[in-house]
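Notes follow the structure.
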Amino acid sequence: MAAAGIVVIFDFDKTIIDCDSDNWVVDELGATELFNQLLPTMPWNSLMVRLWFLVFHDRMMKELHSQGIRIEDIATVLKRSPIHPRIIEAIKSAHALGCDLKIVSDANTFFIETILEHHGLKECFSEINTNPGFVDEQGRLRIFPHDDFTKSSHGCQHSSCPPNMCKGIVIERIQASLSMEDQKKTIIYLGDGLGDFCPTLKLGDGDYVMPRKGFPVWDLICNNRKLVNAEICEWSDGEEFENVLFHLISRIISIDRNNTSAKMGQLYSVDCKLETMPLPVATGHEAFPQALPVLH
C-alpha cells in the first residue's frame, strides 16, 4: 500500500475525542455531587495526582454501580462523547491508505474501545496502549494504572510524565519494534497534553509531531523547540486535524517514492554500464587466438 511506511500514533482524550473521557462520564451520569463527596477522602499530592485519580475513578465506578448505574449506562454515555466527523474520516482514510495506526493514551481500554467500536474505528488500530479497564464478574467497571507506581516506577524522570504512564517509554518500545522491520518507518505523533511532550522528545529527524495548538503540549514545545528533532505541524480543530495529517502523509509518500526512484535509477545506471562496457579492440594476429599444434 502507498502509506505502508507510515506509523501514525494518536493520543485519545482531546485529540481523537474532543473532551476528557473521565470527566465526560462523571458529568453525563450526573455524578458530580458524588465526585465532590469522594474527593476529600483521597490522599492527593502533586506527585501522585494522576495515579490517585485512577484509583479514585475506580472507586467512583464502584460507587456508581452500587447506586444502580449499569455498565450499559456508562457505554451509552461514552457513545455520546464529542468527536469531529472529519477526524473519523481521517482515521478511516489513513487506515485505507495503509498507515499503521496506534493509540498511546492515559484514558483506559474500556472507554477507548467503546467509543472506537461505536464509530466503526476499532479495527483501524493495530495497537492500543493505555490503562487497563474491564468489567468484572459483578458487572462493575474496574480501572487500573498502566504502570503501578505503588509497586515500581516506570523509570522516567521527566516532570511532564505522570507516575502511572510514561508515553515516551511506550514510544521507544514501538520504535524498537519498527527497527526490526525491513522498511524504514516514519512516525507522525498527535497529542495535546503534558504527557505527550516526553514521546515528542523521542521522535527523530524525519518524523513529525502534530501538537494541538493552545493546549499544554503546544506550550511545552514552543518553549523547548531546540529539544524537538521532529518537524512540528500544529492543528486546532477537526478540519485542521484532517488537512495537516493528509498533507504529511502525502509528503512522506512522495519522499518515499522519490527515494525509491533514485535507488532504482542507480541500479539501472549500473546495469547499463555493465551492458555497454566496451570490449578491448583486437588487431592483426591478436584478433583470434592462435591454434594449438596437433601432435601426430
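Residue numbering: from 1, along the chain as shown.
Just so it is clear, glycine is given a Cβ too, placed from its N, Cα and C backbone atoms.
Quantities reported herein were computed from a predicted structural model and do not represent experimental measurements.
If you look up TrEMBL, you'll see ASP11 marked as active site, nucleophile. Long-range C-beta contacts of ASP11 (active site, nucleophile), restricted to its own chain and to partners at least six residues apart, with a cutoff below 8 Å, comprise ILE103, VAL104, SER105, LYS167, LEU190, GLY191, ASP192, GLY193, GLY195, ASP196.
Applying an 8 A CB threshold to same-chain residues 6+ apart, the list for ASP13 (Mg(2+) binding site) reads CYS19, ASP20, SER21, ASP22, SER105, ASP106, ALA107, ASP192, GLY193. Residues or ranges marked as Mg(2+) binding site in TrEMBL: ASP11, ASP13, ASP192.
The active site, proton donor annotation in TrEMBL covers ASP13.
Feature annotation from TrEMBL assigns substrate binding site to ASP22, ASP106.
Neighbours of ASP192 (Mg(2+) binding site), defined as other CB atoms within 10 A of its CB across all chains, total 21. The Cβ neighbour count for ASP106 (substrate binding site), using a 10 Å radius over every protein chain in view, is 27.
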